[in-house]
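**Q** Have a look at this one before I ask anything.
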Amino acid sequence: MKTKVTIIGFGTMGRAIAKALSGNDRTVKVFSVEKNIKNMNITGKNIRKSNFLILAVKPQDAKEAIKQVKKYFDKKTILISIMAGVSIKKLIYLSGRKKIIRMMPNLGLSVGQGIAVWKGMGLSKSEARKAKNFINKITDNFEVQDEDVINKATAVSGSGPAYFFLLADCLIKACGRLGFTKNESRRLVEKTFSASALLARTGDYSTLVKKVASKGGTTEAALKVFRKRNFDKIVSEAVRAAYKRAKELGHA
C-alpha cells in the first residue's frame, strides 16, 4: 500500500521534497503540489486521502495556507511543517490538529545528501514509527525533544547551504581578480569544495587545517587575514542572527 502525500507549497524545498519522494521510493505517491497559496484549487479529495500533508510555504503564509486546507483534514492525516520558526503550539492553534510534526530539512535532500531535525507531537507509538520511516525516505534526520533545537538547527543546517554558496561565490570572484576565467574559477572552487567535504570526514577539522597550512606558507598567510578580521566571530554572529530570526517568526 502506497503512502500518500500532499505537499502545499511549491518553493525550493517543496520541489526538493517532491523530487526526493517521487524519485526514490515507489511506495510513496505525491499527488498534489500547490503553488499559489491564495488561489489554491483544493477540492479536499487529495488531502483526505493523504497519510501526510507537508506544509512547505513561507512562514508568513502559514495562516492562509492552513485556513484553506484545515477543513479537509482526515483524522489519520499527520501534518508536517517545514516552515522556519513556526512553533508546534502555533501550528496546533492554526490547524486545530493535535498530530503535528515540525521539521527543518535542508536543500541537500534534493541531491540525496540532506539532514533534518524534527519533533513530533500528539502521535501514537505506531504513528511516530510510521513518521520516522517516512522522514527516512526523504533525508537523513534525527528527532529532538526540545523544540528550540529546531530553531538552532535552522540557523546552522537549514540556512547553512547559503553560507557555503556565499563563500564559494566570494572565492570565485577572488579567482577572477587573479585573472582566471569564470569557467576556470568555478572548476577550481567546486573541485576544492567537493574534495574538502569528503576529506572533512577523515579527521578533526583543526588537524586538517594544520595539514594544509604549513608554517610560513601561503595558507597560513590567508588564515592570518581571516583571524585578523575575526572570521570566527562573523560566522558566530551570522548564525546567532538566523537563530534569533527563527524565534521571531515563531511569534509573528
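Glycine residues also receive a Cβ, built from the backbone N, Cα and C atoms like all the rest.
Here the structure is a predicted model, which means the values were calculated and not measured.
The domain 'Pyrroline-5-carboxylate reductase catalytic N-terminal' feature in TrEMBL is assigned to 4-85. Taken from TrEMBL, the feature NADP(+) binding site covers Ile8, Gly9, Phe10, Gly11, Thr12, Met13, Ala56, Val57, Lys58, Pro59. Annotation source TrEMBL lists NADPH binding site at Asn46. Look at TrEMBL and you will find 147-249 tagged as domain 'Pyrroline-5-carboxylate reductase dimerisation'.
Map these features onto the structure and tell me what's around them.
**A** In the predicted structure, the domain 'Pyrroline-5-carboxylate reductase catalytic N-terminal' (4-85) carries a mean pLDDT of 78.
Counting only same-chain residues at least 6 apart in sequence, those with a Cβ under 8 Å from the Cβ of Thr12 (NADP(+) binding site) are Leu107.
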**Q** Among all the protein chains here, how many other CB atoms are within 10 A of the CB of Ile8 (NADP(+) binding site)?
**A** 25
**Q** Long-range neighbours only, meaning 6 or more apart in sequence with Cβ under 8 Å: which ones does Lys58 (NADP(+) binding site) have?
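**A** Once residues fewer than 6 apart are set aside, Lys58 (NADP(+) binding site) is near Gly9, Gly11, Met83.
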**Q** Within 10 Å of the Cβ of Ala56 (NADP(+) binding site), how many other Cβ atoms are there?
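**A** So the Cβ neighbour count for Ala56 (NADP(+) binding site) comes to 24.
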**Q** Within the domain 'Pyrroline-5-carboxylate reductase dimerisation' (147-249), count helix residues (DSSP H, G, I), strand residues (E, B) and coil residues, in that order.
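**A** Here the numbers are 88 helix, 0 strand, 15 coil.
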**Q** What whole-number value in Å do you get for the largest C-alpha pair distance within Ile8, Gly9, Phe10, Gly11, Thr12, Met13, Ala56, Val57, Lys58, Pro59, the residues recorded as binding NADP(+)?
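**A** Across Ile8, Gly9, Phe10, Gly11, Thr12, Met13, Ala56, Val57, Lys58, Pro59, the two farthest Cα atoms sit 14 Å apart.
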